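Data first, discussion second: the structure below is written as structure tokens.
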């Protein structure tokens, strides 16, 4: 059994076999790629199931031949075409009997004196806005404005602001509610700068999700009862709003018309409205060599026998769709997408030159491949500016690339944070955040249970074990000693000279197997040290029996206790250990640049996080930023990452004492300066005593 999922009404048991093979034997079976969290599968002789982590993973599996077919969205097909994946479309998955999943139209008030698209300048636009989740993508949401308005490509403002400013200048008072950019402060700034795009909203100042004029139906209410001139809306919503589907009409149908892109009007009750752009249905797509066979198989599926493999397969494919419609012939992606008016054209508007891409630096072939697929997925879903991926030989080269602006972003772990910021002059932009404390880097202090060590003032002169020099544990201990003992001193001077602090000036050298968090724990457990400072995750693994290194068998089980320099955790914290400080394990670093460019990079990364992170809104993931990629773990981002957070969000966490201020103080050499000042003060103290003593001797001599 590969994975379990609960459907809304029943738990589906599908009669399919799950495999995760990298090479598929030619045994005559067809293999369907199903995205994880879709169902429970059991064996059958006819079909096998290959489990993909997301839909684009299924695209890659079909391309490689480890699967033969799967269900893909129209966005997946665009990404597959861009990646030159050769697959054919066999059947559509429909939820109602229309040619497309939905069509988008422009509706105008007949009294607005709008007869052609040339009359739209200065018109009051009613737009569904942003934050509609999976109802439609940014590409289709912005198609109306992209068709009418050219980009200025002003290098003095971000691409997002360029688009907003162009719309504000073209249209009159309008409503385009919802988050314009992910960062609330930037969002507020832009809405204050371009208030006309919120003027027609029910609450012009908030101009946000939930406004009466926000959303699919909100745009139509803005038009028919809010004073708007033109609305950008889905055709099915327009029909419902004007009472053409059996619902009560919300406005007089004769007072409004469809505005056609070719320059004429149509009555709302026309049977063939002029559509600006349409979104194709999801499809069953297959490898070229198996497409006809797959289509024949799918055509014969039904729910007649609830215990049959046909019923199980059909249930897995259908999701919320209720009908599978086979095409007349299996056709290439391009031919299928071209059937939907303007759909492919929506992805072909000219970009600014030079491009404003956010260049992401990777350090391995697998990282680069994942980054490239993330780039494709982001472009399909309208992320602007999109990322561009480059590959450097190692992290040092990547850091250098970002420093000299060949690249814009690099992800470093907690151990390389100081190096990236101090040696390469980079700054943190976003943090790879995990909800669980053990998935962060939490510094704890542990001693043997029988040790008579209870507080940090007792640690002076004892043998300490640290994972590394200038890592988070090293810095956390430095700050805690200063806070709790009042002594600002280098660790290799505070602790016993035979400690493992890894300071380059320390004469005593520890064995390499004491490096790292497990090494620091080993240093304590083997009796070399009296106190160890390390990540809570290593200690937790030891406590639950998941630390199984050979050296542990030689020393046997030992008991330890955790020191609590800051007392017990706050009531809000659910963490089991008291600790010194915590930081994230991943830090997205960028170069020092203008605030505009900084915000642009920030928003691109946050947009990708919202689309492809763990809070995705669709039934199945289009792409997985945090998780297994091509059956490999921790590619670019750690699998356990829950999302990207900014500094302000980190500070709001229920667990206190994040390390950002400590990193900054260390970079500015404040600890070093305090140590030097303390040393100078000590020298001055003895100098004063010496002068006073000399004066006393002189006086005695005179007498």
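The backbone N, Cα and C atoms fix where each Cβ goes, and this holds for glycine too.
441 is the residue from 130, 381, 441 that TrEMBL records in the Fe(3+) site together with 102, 413.
Separating the Cα atoms of residue 126 (disulfide bond) and residue 175 (disulfide bond) is a whole-number distance of 5 Å. For the disulfide-bonded residues shown (175, 389, 523), fewest C-beta neighbours within 10 angstroms: 389. Ranking the binding-site residues 102, 413, 441, 473 by Cα distance from residue 207 (disulfide bond) puts 102 first. Within the same chain, residues at least six positions away from residue 473 (hydrogencarbonate binding site) with a Cβ under 8 Å of its Cβ are 441, 443, 466, 467, 517, 520, 533, 534, 535. Among the disulfide-bonded residues 201, 222, 260, 274, 371, 389, the ones whose Cα is located within 10 Å of the Cα of residue 361 (disulfide bond) are 371, 389.
When pLDDT values are averaged over the domain 'Transferrin-like' (358-664), the model yields 95. Of all the disulfide-bonded residues listed (260, 398), 398 sits in the most crowded Cβ setting, with the most other Cβ atoms within 10 Å. Ranking the binding-site residues 102, 441 by how many other Cβ atoms lie within 10 angstroms of each Cβ puts 102 at the bottom.
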